[in-house]
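Colleague: Shown below is the structure under consideration.
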């Protein structure tokens, strides 16, 4: 969902990590498509249409699933808490995972459940980006911003019959809340793996060759281990375009912003994707004025256009937020010697100078870059595509010749399929299913995404333009159904009637193509739709589901009931009713 700035300028972030794993450049020439066909990809949660890279397809002879001897579909095994599954016959481990973020953690837990002797290698701290520098601490800050908005909204409180004196906050207390939450979740992840007997190996992991990995800390002797299967799950880091000087104080990335070391009076946010939107919610609630810099001609370009338009009316226009669209920030200089942060803007199309801003701080929210350099991929003839490890639909790594690399997989941000923590975890679980004998292909169109603003935005599947393009190409008709939060009893009880739910579906057979929600607790409501897509449930079936009254879930209930399917008699068979 990120601004196209993140797709058109080279990276500069070598100072962010002790060992940089990403040294590619976002040059226009480097992302030229191999064909004229756009590739649907998701960056940081929201689907974009981009003339981007395309991974080489594996040769036909390589498409067969690698069989795993002794691990049939029907065999049930469980790992002992002490010995972490049965000992491998000829390897140190059944499975080694490089990277202990949410994706690696999910894979490790599922592997132990399947009886695999498992090790996970982590060079930083358990939890990866999401837990330590991403979705977890950001939700702590957003929880504060949500409370502040409620306390500051006199009209809202008066409608509920409440009277509250002026609200205030302690910046350090807010920062401590975010840090403490990250520490708690990090400890939970660590303890869960230890309790199940997963070996946590400290150091940076490198693939030495087929089924062989080394790990170790800088300045210390490396350790070499072997594994039947290896999963790369090294994640990503903030992407900083060329010309932007990050000092970590007045010019910052999301990594720095989550520490909330100060709240500027005026901050520029470069990129109006979900990262930028969430931080605009935090900063404006705490008293800052915000200016968005967006390379495309509209804000929030990755959202469904109708949802984006409504979100702008509620999340942007009434708040202390202004914006510049269709411009690049070609140079950003940190504040120093009493001078403010200086931002030079040019027209995104003509490249002519457009404006110069002088502000207190700048947050760079132009997307994330895969953390893949130094993995030793050259040892197995694998060449990254713009830093991403090429994989097939089963997360199997593809080498430079288009062949599958045996026993090697890559999940999460490092493969670029969908840069979401829960997508990484789902991919990891899918891989474990494969290496234990069950063929499994993850449906990425069923994976939901959310933006935790106030109100929230959530989505799954295709946007309306994407669905119409698909329909035109494949020769079917689509229909749109909508429901408003203003018709929902629970939303009205909360005095939170602003919101919309939108269903995109095939009118001929009821297939759900996409669902988009803007409103109270949208991030929680989306899962009924995502599960329906994952399970292949059609509109004419799900409309018979029963929802508790009065609840927000009835927004989805009314949405599905309002859909009209031409061949409604074509339904999935129901299970036999159970008498009670």
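Using N, Cα and C of the backbone, Cβ positions are placed for all residues, glycine too.
Pulled these from TrEMBL:
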- 549: active site, proton acceptor (ACT_SITE)
- 139, 205, 234, 235, 236, 413, 419, 420, 421, 422: FAD binding site (BINDING)
- 271, 272, 273, 274, 275, 276, 277, 278, 294, 367: NAD(+) binding site (BINDING)
- 130-135: disulfide bond (DISULFID)
- 93-428: domain 'FAD/NAD(P)-binding' (DOMAIN)
- 447-558: domain 'Pyridine nucleotide-disulphide oxidoreductase dimerisation' (DOMAIN)
Colleague: Roughly how many Å lie between the Cα atoms of residue 234 (FAD binding site) and residue 130 (disulfide bond), rounded to a whole value?
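Modeller: The separation of the Cα atoms works out to 12 Å.
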Colleague: Could you tell me the mean pLDDT the prediction assigns to the domain 'Pyridine nucleotide-disulphide oxidoreductase dimerisation' (447-558)?
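Modeller: Here the mean pLDDT over the domain 'Pyridine nucleotide-disulphide oxidoreductase dimerisation' (447-558) amounts to 97.
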Colleague: For residue 277 (NAD(+) binding site), which residues of its chain lie six or more apart in sequence with Cβ-Cβ distance below 8 Å?
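Modeller: Looking at Cβ-Cβ distances below 8 Å from residue 277 (NAD(+) binding site), excluding near sequence neighbours, one finds 300, 311, 315, 451, 453, 457.
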Colleague: Counting every protein chain present, what is the number of Cβ atoms, excluding its own, within 10 Å of the Cβ of residue 130 (disulfide bond)?
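Modeller: Within a 10 Å radius of the Cβ of residue 130 (disulfide bond) lie 26 other Cβ atoms.
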Colleague: What is the separation, in Å, between the Cα atoms of residue 275 (NAD(+) binding site) and residue 139 (FAD binding site)?
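Modeller: Taking the Cα atoms only, residue 275 (NAD(+) binding site) lies 11 Å from residue 139 (FAD binding site).
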Colleague: What's the longest C-alpha separation between any two of 139, 205, 234, 235, 236, 413, 419, 420, 421, 422, the listed FAD-binding residues, in angstrom?
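Modeller: Between the most distant Cα atoms of the FAD site, 30 Å.
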Colleague: Between residue 273 (NAD(+) binding site) and residue 421 (FAD binding site), what is the CA-CA distance rounded to a whole number of Å?
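Modeller: Here the two Cα atoms lie 17 Å apart.
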Colleague: Fewest neighbouring Cβ atoms within 10 Å: which of the binding-site residues 234, 236?
Modeller: 236
Colleague: Measuring Cα to Cα across 271, 272, 273, 274, 275, 276, 277, 278, 294, 367, which the record gives as the NAD(+) binders, how far apart are the two most distant ones in Å?
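Modeller: It comes out at 15 Å between the most distant Cα atoms.
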Colleague: Go through 135, 275, 419, 421, the listed recorded positions, and name the one with the sparsest Cβ surroundings, counting other Cβ atoms within 10 Å.
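Modeller: 135, out of the recorded positions 135, 275, 419, 421, has the fewest neighbouring Cβ atoms within 10 Å.
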Colleague: Any same-chain residues 6+ apart from residue 139 (FAD binding site) with CB under 8 Å of its CB? Would you list them in sequence order, or say none?
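Modeller: In sequence order, the residues whose Cβ lies under 8 Å from that of residue 139 (FAD binding site) (at least 6 apart) are 181, 452.
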Colleague: Run through the domain 'Pyridine nucleotide-disulphide oxidoreductase dimerisation' (447-558) and tell me, per DSSP, how many residues are helix, strand and coil.
Modeller: 42 helix, 31 strand, 39 coil
Colleague: Closest of the recorded positions to residue 421 (FAD binding site), Cα to Cα, picking from 135, 271, 294?
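Modeller: Of all the candidates listed, 135 is nearest in space.
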Colleague: May I ask which of the recorded positions 130, 135, 271, 294, 549 is closest to residue 236 (FAD binding site) if we compare their C-alpha atoms?
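Modeller: Comparing Cα positions, the closest of these recorded positions turns out to be 130.
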